[in-house]
Amino acid sequence: MLIALLPGDGIGPEVIAQARRVLDVVVGDRLTYEEGLVGGAAYKAVGHPLPEATMEIARRADALLFGAVGDPDCDALERRLRPEQAILGLRAGLSLFANLRPAKLFPELADASALRPEVASAIDLVIVRETNGDVYFGEKGIRTNAAGRREGYDIMCYDEDEVSRIARVGFETARARRGKLCSVDKANVLETSQLWRDVVIEVSADYPDVQLSHMYVDNAAMQLVRNPGQFDVIVTGNLFGDILSDQASMCAGSIGMLPSATLDANNKGLYEPIHGSAPDIAGQGKANPLATILSAAMMLRYSLGLPAEADRIEAAVAKALAGGVRSPDLGGTHTTAQLGDAVLAAL
Ligand SMILES: NC(=O)c1ccc[n+]([C@@H]2O[C@H](COP(=O)([O-])OP(=O)(O)OC[C@H]3O[C@@H](n4cnc5c(N)ncnc54)[C@H](O)[C@@H]3O)[C@@H](O)[C@H]2O)c1
Ligand SMILES: CC(C)[C@H](C(=O)O)[C@@H](O)C(=O)O
Ligand SMILES: [Mg+2]
């Protein structure tokens, strides 16, 4: 099976290196890798953040393992050349619309959560985030308005098929878990959200066994901190899901702990930590690689049909944490490589 390995920028290559060590031990030569340039690294090498050569590997691969993109050197570039366009281009170009972001507290990390331990310990949820639509992909630009002033705009737009297909992923995910789906929107203000809510309710007719609720996004942000244990599966749009998942990560201990899968209709997927390239700590051995290692486990489970191997990796991460290894984001002083060492030792 072929993996497109896309390390990217900043801490991306550092965390991918540790995931690769783990995969080599757990699945060995059952996987082959082709590395592609993405993000600022690709822009600097060939003038584009998502070169056709990388897309070609990505199309051929059975799954994609992605680090992170984002480079302060590229901040002044026009939008289509910015490193972040690489991840958006992969999601759009490969129809990767269903972004699953599980947030669960490893019991050993109760002290690292931003919440009180008894509140934090209840967090065990999945955010199902749509990643092919919303303000990310609507018409956008900067224009001069009637008053002669510059005006930026990003149209928020979802069509009903986009909503129903992500709603189905939400219902299926809930059905396979504790049977509760919370759809998060802003239907008190946004027409897009009103349609979202109507379509989710229509789709719910096919899932009478799943308990559906609706919540406004501002309340959801508050409830995630007040009582995260109330959520099983959250289904939401691209922008709300982006924000809520970073927030959920701190409830579960650290942004460096949350993995993700972004799937197409056939479970081909891109696997990446939810965090970015973290330029503030890049190159210092401070990055927590566990989100990326856990993303590799999700890849084995969802795209490669190796659930036992995925379980093995997740158990090894838990064992490494139980052994006391902690990167700075978790309140410790261990390096990126030492976290990798601890997971390998646990394996
Ligand atoms: N999918 C992606 O590739 C992705 C995701 C988010 C942000 N970005 C990009 O990354 C760049 C930096 O963005 P940002 O600073 O807003 O977000 P970020 O997630 O890169 O970093 C936010 C904070 O979290 C810390 N952090 C992140 N990952 C960590 C890890 N594994 N271990 C320890 N600490 C970690 C960072 O040091 C920083 O203080 C920007 O260019 C942004 O667009 C890319
Ligand atoms: C880098 C950026 C485009 C991306 C997003 O907003 O989707 C990131 O924040 C993420 O969470 O994957
Ligand atoms: Mg994000």
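Backbone N, Cα and C define each Cβ position, glycine as well.
Any TrEMBL annotation is an automated prediction that lacks curation.
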Q: Look at the substrate binding annotation in TrEMBL, where ARG91, ARG101, ASP218 are given, and name the residue from ARG79, ARG116, ARG129, ARG197 listed for that site too.
A: ARG129
Q) What Cα-Cα separation, expressed in whole Å, is found between ASP242 (Mg(2+) binding site) and LYS286 (NAD(+) binding site)? A) 24
Q: For ASP246 (Mg(2+) binding site), identify the closest of the binding-site residues ARG101, ARG129, ALA278, judging by Cα separation.
A: ARG101
Q) In sequence order, what residues of the same chain, 6+ apart, have a Cβ less than 8 Å from the Cβ of ARG91 (substrate binding site)? A) PHE97, ASN99, THR131, ASN132, THR262, LEU270
Q. Quick one: what's DSSP say for ASP218 (substrate binding site), helix, strand or coil?
A. helix
Q) What's the CA-CA gap between TYR136 (site 'Important for catalysis') and LYS286 (NAD(+) binding site) in angstrom, rounded? A) 31
Q.
Considering Cα atoms only, can you say which of ARG101, ARG129, LYS186, ASP218 is the nearest neighbour of ASP280 (NAD(+) binding site) among these recorded positions?
A. ARG101
